[in-house]
């Protein structure tokens, strides 16, 4: 049982990006204005956006490095401005 769990975890990391990274960018209805990064599945890059502070989703990272690490982005190109 443990073997199967480990196998599926490794397969998920090896053959696809984190499912949270496929979620759409959500600014949210609040007006906080926090600089965050999200994975854009169309451009296959982590991009900067302004987060309102509430009702976001898991595709919301404090740093570019965190976004790239979680979402498996290999290139270190400058983030796209939105």
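Glycine too: its Cβ is placed from the backbone N, Cα and C atoms.
Per Swiss-Prot, the features are as follows:
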type	residues	note
DISULFID	21-71	disulfide bond
DISULFID	30-54	disulfide bond
DISULFID	46-67	disulfide bond
DOMAIN	21-71	domain 'BPTI/Kunitz inhibitor'
SIGNAL	1-16	signal peptide
Rounded to the nearest Å - Cα separation of residue 46 (disulfide bond) and residue 71 (disulfide bond): 8
Residue 67 (disulfide bond): nearby disulfide-bonded residues from 21, 30, 54, Cα cut-off 10 Å: 21
Mapped DSSP class for residue 30 (disulfide bond), helix or strand or coil: coil
Cα-Cα distance linking residue 21 (disulfide bond) and residue 54 (disulfide bond), given in Å to the nearest integer: 18
Residue 54 (disulfide bond) - helix vs strand vs coil (DSSP): coil
Same-chain residues at least 6 apart in sequence whose Cβ lies under 8 Å from residue 71 (disulfide bond): 17, 18, 21, 39, 46
DSSP-assigned states of the domain 'BPTI/Kunitz inhibitor' (21-71) in counts, ordered helix, strand, coil: 10 helix, 15 strand, 26 coil
Among 21, 46, the most crowded of the disulfide-bonded residues [Cβ within 10 Å]: 46
For residue 30 (disulfide bond), nearby residues of its own chain (Cβ under 8 Å, 6 or more apart in sequence): 52, 53, 54, 55
Fewest other Cβ within 10 angstroms of its own Cβ, chosen from the disulfide-bonded residues 54, 67: 54
